[in-house]
Amino acid sequence: MVEAGEIGGAAVFALAAAAALSAASSLGAVDFRRPLAAVGGGGAFEWDGVVPWLIGVLGGGDEAAAGGVSVGVAAWYEVWVRVRGGVIAPTLQVAVWVCMVMSVMLVVEATFNSAVSLGVKAIGWRPEWRFKWEPLAGADEEKGRGEYPMVMVQIPMYNELEVYKLSIGAACELKWPKDKLIVQVLDDSTDPFIKNLVELECESWASKGVNIKYVTRSSRKGFKAGALKKGMECDYTKQCEYIAIFDADFQPEPDFLLRTVPFLMHNPNVALVQARWAFVNDTTSLLTRVQKMFFDYHFKVEQEAGSATFAFFSFNGTAGVWRTTAINEAGGWKDRTTVEDMDLAVRASLNGWKFIYVGDIRVKSELPSTYGAYCRQQFRWACGGANLFRKIAMDVFVAKDISLLKKFYMLYSFFLVRRVVAPMVACVLYNIIVPLSVMIPELFIPIWGVAYIPMALLIITTIRNPRNLHIMPFWILFESVMTVLRMRAALTGLMELSGFNKWTVTKKIGSSVEDTQVPLLPKTRKRLRDRINLPEIGFSVFLIFCASYNLIFHGKTSYYFNLYLQGLAFLLLGFNFTGNFACCQ
């Protein structure tokens, strides 16, 4: 059955597509009449000054030698022009038009999400308008009487020396009847010293009357998904109606359960209530500032749009409360990808369950503090999302418990555009094709593809992040670098290349830890090649070379300014300049 929210979402999407097409037509941007064969013609005139210059340099002052070199260079140049015009340019031209189509898909998707998000903001829409919410009343929290259901809080962790006290303490201080709350610490730590500290912390809270369970495993099979699955197998879990999940660096406010659980209690078709992330270290460095922009867009636009229209979005893996029945009906936690949270959310949605995103509820957490840690996190997410698309697309297509509109949204918007198109087009077009085009004058790139669409995406992003306008240029350059990693990750997941199911835990430093008694592990010395990022440095050399070529041999295009900035961004991140400490850390 199609709901009003889904119809509204489809209508907004259609309007966004129509607006994009109308704008492109009015600007004369949509014009595919330019023949592909035309690119092999008159582009060589720009090289007329280049060939004599090369001949003069190579021939020196000897006229005979110059004549010989002239013939040799001219012959090689003729071969290059033919190969360039007959093979390279047509091949890249096909890639250009593919990128143009993908760019239109991306801008329509972004326009749809932003339109919904702005509409929600403008009318002051709240989840309570669509889903029933009433505060828990008539119950004594201290004695646990009344209508309070049984809730379990799961905290998976792995060698979390710097932050284990934060999450455990915050979970144990949640306002909820003590006999209705179980705190389950799922410790996969491999360091005996850290393991002992975590267990002692659990024993300390248990002595204060908190019902806290310390769970370990003999192996780390399945990583986080395996730990959560192990926790669900405990006997006491069967009595819990709802499961709240927090990563080791997350610190929920004491009233978190009081604000989220009522949504689940009063709406039997709701499986998940997701809160928004807040950050304790978002002003530490330029790196954390641009990360905050990324997450602000994700929560304010993507999560909010999905919740308001189709009551579907990806579970963020933490800061959420699940209905136990929904987890079990979906088949429980699976470790087939590195995005077990997204996997569970999709499977639960295919069973007809709905999700609620509540942006007013924020849970403090920590952003990756180093470029390497952020890259590993983003690679895991991008690779896992693309790999899940490969594995679950057919299940979505044949699902019977969701509407056709929701299927289209999940397959097209949620998976295809966000997990495949976005990383591919951003990297291929702006980091490969545009730089190469300065050396291939036969290549035609429409102005709307390299100017209008990026400007539209920039405006769409800025609208929901006005406070971050001053660091927008840095964000653009940073995202330009990240597109290379995300494209590699997406290809790895789609094709299941080596390392597609590799799990790496994001290192935390405990930015808000004030307890100086927490011991720190000794730092290990790194080799130089482990302190620099060779792929980024290599890409910077390529971009700076293309920019210099464009500046010296000025042709039809003038991309050198942008290419120099991109090359500089790659170079700085290649040496781990992130705006806080010295390079090569």
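Using the three backbone atoms N, Cα and C, a Cβ is placed for every residue, glycine included.
TrEMBL: automatically predicted annotations, no manual curation.
Per TrEMBL, the feature transmembrane segment maps to 87-108 (among others).
If you look up TrEMBL, you'll see 242-439 marked as domain 'Glycosyltransferase 2-like'.
What TrEMBL lists as transmembrane segment is 409-433 (among others). For the transmembrane segment (409-433), same-chain residues at least 6 beyond its ends with a Cβ under 8 Å from one of its own Cβ atoms are 6, 9-10, 13, 92, 95-96, 99, 102-103, 105-106, 109, 112, 302, 306, 309-310, 312, 314, 346, 349, 382, 385-386, 388-389, 393, 396-397, 402, 443, 445, 449-450, 454, 479-480, 483-484, 486-487, 489-490, 494, 539, 543, 566.
Here TrEMBL flags 445-463 (among others) as transmembrane segment.
According to TrEMBL, the feature transmembrane segment maps to 532-552 (among others). Long-range Cβ contacts of the transmembrane segment (532-552) within its own chain (Cβ-Cβ under 8 Å, at least 6 residues beyond either end) map to 371-372, 375, 431, 435-436, 438-439, 481, 484, 558-561, 563-564, 566-571, 573-576, 584.
Look at TrEMBL and you will find 564-583 (among others) tagged as transmembrane segment.
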Averaged over the domain 'Glycosyltransferase 2-like' (242-439), what pLDDT does the prediction give?
95
